[in-house]
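Participant: Annotations per TrEMBL:
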type	residues	note
TRANSMEM	255-278	transmembrane segment
DOMAIN	256-642	domain 'Acyltransferase 3'
TRANSMEM	298-320	transmembrane segment
TRANSMEM	348-368	transmembrane segment
TRANSMEM	406-426	transmembrane segment
TRANSMEM	433-454	transmembrane segment
TRANSMEM	490-506	transmembrane segment
TRANSMEM	518-542	transmembrane segment
TRANSMEM	562-585	transmembrane segment
TRANSMEM	597-621	transmembrane segment
TRANSMEM	627-649	transmembrane segment
REGION	673-697	region 'Disordered'
COMPBIAS	687-697	compositional bias 'Polar residues'
Amino acid sequence: GPVMGRGTVAAALAAVTVIVSISIGVDAELNFYTEKQVLRFINASATHTELSQECRNALMRVEPYLKDQDTLEAQRIFFSQSYASGISDLFLSRDQDRWIYRGYECILSAGETVFSRSEHPMHYCYGYNEEDPKTDAYSVCIPSPCANDHVKLIEMWRRAARKGIAPETKPIDFSACTQSRHEKQWFEKPVPILDFTANQLAILFIVLATVFHYKRGEEVKTLPAQLLLAFSARKNLRKLCELPKDPQATLTCMFGLRFLAMVWTLVGHSFIFIQAYIENVDDFKNDLVDNFYNQYITNFTLSVDAFLLLGGTVLSYSWFRKWLKNNNEPEPTWTSYGFWLRFYRHRLVRLWPAYLYTLTAVTLRISITHFHPMWPPTDPGVQCPIHWWENVFFLNSLFDNRCMPWTWYIGTEFIYFLISPIFLLALRRSVKFGALVCFTVIAISAGLNTRSIIANNFPPTQFLWKQPAIFNPNFIQHHIELYIKPHFRIGPYIIGIMLGYYLAFFQRKAIKPVRTPAFVATGWALSALAGFWAIFGLYPSLQGWDWPLYHIVYGTIHRDVFALALAWLIYACHTGVGGPINALLSLKPLLPLSNLCYSVYLFHMIPVVLTYLLTSFPMWYTTKFEIFAHCLVQLFISYLFAMLCVLIAEYPALNIERILLHPPATKTTIKTVPTSDSEMQLRPDESSSVASTPTRE
């Protein structure tokens with residue numbers, strides 16, 4: 001975990017041998033130093049009386065340890081290379097992966113293994129002046145007995161490294177460390193053991209429930225028996241793979257779209273996080289960014305907008321379909337408090353169990369399963385014990401998103417769900433009024449994007465590999481202030497709501513409107529053009545071309561344009577003009593893969609990091625195919641965990657809600673479609689018998 005501190009060391013240079021401060025090379029703007037320079041610094045520091053005796057003794061053992069015949073040459077090289085300096089801005093830019101790379105070098109120099117503790121454990125520590133991001137930051141690899149003296153040692157290293165250069169007068173007021181090994185492994189701690197035991201008991205309970213299901217069948221009358229069946233693997237696996245009884249209740253093309261969006265998300269994250277493990281990282285970044293067709297990776301954050309569009313569409317489609325039926329239940333209004341409480345309750349039952357299960361597992365056990373800690377600013381084991389409540393209440397995107405940062409999307413979409421009745425009721429009241437509300441909010445969101453991009457000189461989207469010099473280099477500021485904030489990302493969700501509204505009433509039309517070949521061809525052409533521009537139109541910004549107006553326009557509207565392109569695809573597939581695309585996206589094997597996507601998304605970042613930790617360090621980039629191989633393994637592990645999460649938490653909670661809280665079903669009859677302008681009318685020029693495609697919530 002991180003160790004914080006501040007302070008200076010008077011007359012430190014008196015005890016430190018003069019070190020040539022001119023770096024012998026530059027690696028992504030980080031200076032590095034020779035083994036001889038580093039060992040001189042270590043040996044000189046070992047004589048400094050302001051350090052503890054324990055620390056001085058440990059420093060004196062460093063050189064003999066590194067030169068011992070049992071010490072691998074790689075360990076000695078890693079140790080010296082972990083000493084670095086560079087502008088502290090790099091901690092906030094995408095080049096922070098070079099600091100993390102140095103951290104892994106330090107950790108590996110200790111020679112720890114999963115099964116044995118090193119006799120020479122190390123701490124990787126870094127520090128800088130937090131008030132002035134233009135000052136240099138410094139990193140050191142020190143013996144663990146020196147952890148309490150790390151600020152003094154960083155200060156010594158700063159002064160030594162700047163010998164012959166104007167000294168920095170501002171103190172090091174921020175520092176942090178990560179160690180080469182947890183003080184205790186997870187199986188030596190009571191809390192992870194309890195979490196592991198609870199998981200085993202949950203699996204045993206599922207087995208018992210499944211056996212009971214096979215013995216007694218579905219027809220059980222007592223409440224305890226029904227609750228036990230809620231955990232049956234047989235019941236929940238069947239539910240995972242079955243279409244709803246009403247075939248019109250599902251948008252089948254979403255099976256494939258949701259799965260592809262999940263794969264796209266995992267691939268993008270995998271290509272981001274591998275950077276901290278690659279030695280020739282500049283070759284990797286150049287290949288990825290300079291190749292026009294690699295933008296399907298470098299612009300992968302559009303996968304989130306795909307999820308937002310799908311979420312808004314499913315919500316709106318299912319909600320409007322319900323009120324086309326006369327089920328003896330009055331339609332909700334602004335004051336139907338009971339209905340809206342049930343509306344939100346079901347959403348919480350849908351999200352919370354899997355979220356809390358994953359949050360608990362990742363925080364209490366999985367994040368500390370590896371023998372050494374992760375990078376402190378993003379380590380769930382460090383951040384989640386402090387910030388867990390932000391995730392539990394879906395507020396993480398409103399704050400700094402420190403705990404399981406990839407879950408910002410879940411918090412953002414929940415906020416959209418909270419305000420969704422505004423758009424649903426507005427559209428139900430009048431299509432013109434509802435459309436006005438929807439378009440106004442989209443326009444305001446786009447305007448806020450424009451304002452933020454101009455005011456902060458942000459790039460059009462998160463640049464996760466290389467950041468052109470023409471843009472604000474503060475990647476963290478962009479992420480926290482613009483990228484994850486709900487008011488900047490709502491456009492695709494509202495487009496989904498309007499699409500769901502349209503499809504619900506299209507589904508009800510006994511006679512479908514005629515779509516001429518010219519109309520269909522034009523729709524596909526415009527959709528393809530819009531989608532291509534949204535994905536590949538980032539290239540001028542990636543290259544840093546001096547097109548300021550283009551960068552602003554692209555940053556403002558490309559997510560909405562992508563959502564519109566995807567909206568046409570869903571419309572075409574659902575209304576019978578999707579052809580082979582709809583057939584492919586609606587394949588039955590994609591249904592369970594789609595249903596598992598929520599739990600996969602919750603967990604996928606853990607195997608992304610895990611497979612790289614288990615690979616020989618450092619990696620050498622030659623081709624993307626090696627990374628795609630990692631992606632396949634990561635996806636497989638993610639789906640295994642998702643299956644466990646669904647069987648333990650997600651589906652049992654929905655089953656219990658249905659048993660305890662849902663009233664008995666009442667007979668329903670189909671309402672006639674009103675002819676007022678409050679309903680979107682599809683007025684065909686002539687009769688058509690175009691069949692509509694079955695859809696799913």
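Glycine is treated like the rest: Cβ placed from N, Cα and C.
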Participant: Given pairs 6 or more apart, does the transmembrane segment (597-621) have at least three Cβ pairs under 8 Å with the transmembrane segment (406-426)?
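Facilitator: Yes, the transmembrane segment (597-621) contacts the transmembrane segment (406-426).
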Participant: The transmembrane segment (627-649): which same-chain residues, six or more beyond its ends, come within Cβ distance under 8 Å?
Facilitator: 199, 202-203, 206, 231, 233, 236-237, 240, 263, 266-267, 270-271, 274, 353-354, 356-358, 593, 595-600, 602-604, 606-608, 610-612, 615
Participant: Roughly where does the domain 'Acyltransferase 3' (256-642) sit in mean pLDDT, to the nearest integer?
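Facilitator: A mean pLDDT of 94 is what the predicted model shows over the domain 'Acyltransferase 3' (256-642).
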Participant: Between the stretches 255-278, 298-320, 406-426, 518-542, 562-585, which one has more Cβ pairs under 8 Å with the transmembrane segment (490-506) than any other?
Facilitator: 298-320
Participant: Could you check whether the transmembrane segment (562-585) packs against the transmembrane segment (406-426) - three or more CB pairs closer than 8 Å, residues at least 6 apart in sequence?
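Facilitator: Checked: the transmembrane segment (562-585) vs the transmembrane segment (406-426), no contact.
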